[in-house]
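These notes are about the structure you will find just below.
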């Protein structure tokens, strides 16, 4: 796209109609000063709407009319030639201005159709022509860049990067965020109120539900108690009555049994004394000694039996070893006997084979002598046979090669015929498979195109997701940095506030606060917060009582006082919470100027209310002294200015000294701290949301990466398949061609082989006849008797030689076996001698075992004899004592049983008499209680079976006490709580939704800010790169763009830093006029290179440059004109010489500008 034509009607210095054709390349407009050459540029700006009238060097619109007429019409038409990529053709823009005194109308047309300026700018933007761009550079634009503030210079980059669009989106999101926050705050306030109401109703509701439940339970328990009481009393009366009757019978039986037991006890004692006397007389001590002796002997006998058993076990083990030894000796005897027999047999066999071998050797020698005699007599016959054999071999040597050749030809013909058939079948299959391969190749190409599309789409999605991840990570890093800075600043401010608070109070109060005494809460000034506007008034109202120390109880106060005494730290006033009156009643204030009670203007914990009442009482805060004086004597008052008016009429006032380190109320948290905390909360939520979104996007990117890899593998597989199909098709084509050539050559070869086969058959016929004839003659010769005998002799000689070699081998094997047998026999004899030695040892051991056994049995017999004698003595004594002792033991046990029973009987009789009196009293009381209760109600539900009356009464008493403790009760709280909870739940859901929307909007704002920064830095880096190369080309120096605040570029401006050749590095403000122009032009060219346009127009931008710099500028324009159209207004020779063509502008006699075209030499050549 380029400017094709400019048509001007009555615009500034131009007359009724002027048409200026324009061509691509580099065009210079030149002419005398005041001739109107710059008006061509102004006309271009006017038509395209790229500047205001002031930008076109006109104070008002009427100045744009030819010769400044008050009335008239101006029209400028610009025609663009479109490129083929844009559809070709032309784009025509026309602007008309009608001025009628103070009134004027301006209209635009686009390709002959009316349009608005916005429509025109949108159409021009599609062709990279922007109102804020640098398509047209006027005389003041270069100096404007030099003079403009750094922030405005940075805003040029903002325009290029599209920052305004991001700002618009951010502003829209912030407006929406404000609306969301307003709705959220409104709902939050309602929810807070509902939560406070629910907290109150929750307690009342639980109390009411418990009260209602207890009343129902108590009613039911009362009915059960009456029923169980009646049942219990009736059962008790029946039981006591039966017990009284049974007890009378039991008491009578006890009396009778006691008399009988007394008589039996006396009789049993007499009998026991008689039995004891008899036992002592019979010798019980002697029997005990005999039994002890017998037990000792029995123990010794048991030891002897154990030793005998051990000996028997050893004998059995030794006998087992002896039996095993005898078995081994028997086996060895049999083995040795076998060795003897085997050796005899082997010796006989060796002798037999030796004799046979000698005999066969003699026969062999005889046969050899006979064969030599037979060979001497048959020599002539052998010579004839040899000649025939040689003749036969010669014929056979001629015949066999020819026959083999003939056989090979036959085989080759058969093989070639078979191969030809197979190749014809293969060629038919290949030709039939061509169509299928073509279809498969087409399908493979379609699949390949689809796979490439899927892969490109997946990669595009992956790149987009990665770009989003990169943007999110950038936002995350920026927010984390901001959070760190905010948290550090917040910590610093809070530390300052804490240090200030810790410095409050006197030495005495500081000693108490730092002592660590349990129950010390703090100073009044530390336990309350006030707003800044009320701080002075409230501190005057409290006075020195701000340093009063609030403690848990009077014991803590006493402990603190003793501490101050011991440390001589001074005095302090303590406010024990357990002794202060916590109630307060303050009348409603209606007096003019009264702000409120001091207590209502302080924020404090409700548990410290009594302490703050003690300090402030009913003090009222008034706006001014004048208004407070009207109420003097009615209230204790303090004014906002710090005057104090007592009820007694005393007034205190004057100037207030600035507080320097003294104690005072803590101010409510400053707004900047609250905003900082809120921002930190927002940052935490945004970072959490960003982390979740990053996780989701990374998971999505991972899935897309896997999908891309799968698509890549699929694409590779399809490409491989397509290539394989192509290779198969090419291979089959080559194979078909090869088969056709082979079949043709095979046919020729078959014909030649058949001819050669016929020739060989003709040559073989005579040879076969000669071979048959020679064989017949040889057969006749070999049928003679001499030949037969000679053959038999040779055969017999070979058999004898074989037999002799076989017998020699057998003889060597037999001798080896005999030697091995002798060796085995020697080993067996050695083992037998060892076993015989062990058998002699066992005989000695057996004799020893017999002797030890005899000794053990002798000792056992002696022990048995002693035991028998002792047993006889014990038996004799037992026969005499057993009967008497048995009778004594029986009598003793019987006497003890009678005495025990007598004592138990007396105790039971006394207890039963006591119980009888108790039963009679209980019967009377139960009957009286039953009469008082009366009969139970009929409709009472049955109580649990395992519930006793005592358990029920205890439960009823406990519930009754709980019920009384709950009163009074609001029973309507149950329904009110449910309604409030339902409303709170609905609002909480709405609030959660709004919070999510708020987080999304905040994140959208941060995303836009990140993208805005990224777009700006991308544009800045690109423009900076272009600026460095352009400045180096224009000035032979180096320079760069510098941001005043690189960390936050939008908070500062943009500076041009240049280093002209031979000079130190300078900023724009310190340069000369020419250096400033070159630097500004480099900046303009860098902007143009970043956002290229189809044409550029310069209006005398070289006016402040010297000849050398104009030459460099003209050279640069000449280079860029190769790809972009340039229209330059200039009076400088280097610029004109570098141009492709020139347009001359002069002032005609009629006072309007006249345009002449000049074709330069460069263009002509």
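Heads up, the Cβ atoms here are built off N, Cα and C, so glycines get one too.
Since this is a predicted model, take the numbers as computed values, not measurements.
Annotation source Swiss-Prot lists ATP binding site at 32, 33, 34, 35, 36, 37, 38, 39. Around the Cβ of residue 37 (ATP binding site), the number of neighbouring Cβ atoms within 10 Å comes to 25.
Look at Swiss-Prot and you will find 161-503 (among others) tagged as coiled coil, backed by sequence analysis.
The annotation coiled coil is assigned in Swiss-Prot to 672-901 (among others). Across the coiled coil (672-901), the model assigns an average pLDDT of 77.
Here Swiss-Prot flags 946-1010 (among others) as coiled coil, drawing on sequence analysis.
The domain 'SMC hinge' feature in Swiss-Prot is assigned to 518-630.
For residue 36 (ATP binding site), the same-chain residues that are 6 or more apart in sequence and have a Cβ closer than 8 Å to its Cβ are 12, 13, 14, 1145, 1147, 1152, 1153. Under a cutoff of 8 A between CB atoms, and with a sequence separation of 6+ in the same chain, the neighbours of residue 33 (ATP binding site) are 1131.
Neighbour count (other Cβ atoms within 10 Å of the Cβ, all protein chains): 23 for residue 39 (ATP binding site).
In the three-state DSSP scheme, residue 37 (ATP binding site) falls into the helix class. Cβ contacts within 10 Å of residue 35 (ATP binding site), excluding its own Cβ and spanning all protein chains shown: 19.
For the ATP site, the Cβ centre of 32, 33, 34, 35, 36, 37, 38, 39 serves as reference, and the other residues of the chain with Cβ at most 8 Å from it are 13, 31, 1145, 1147, 1153.
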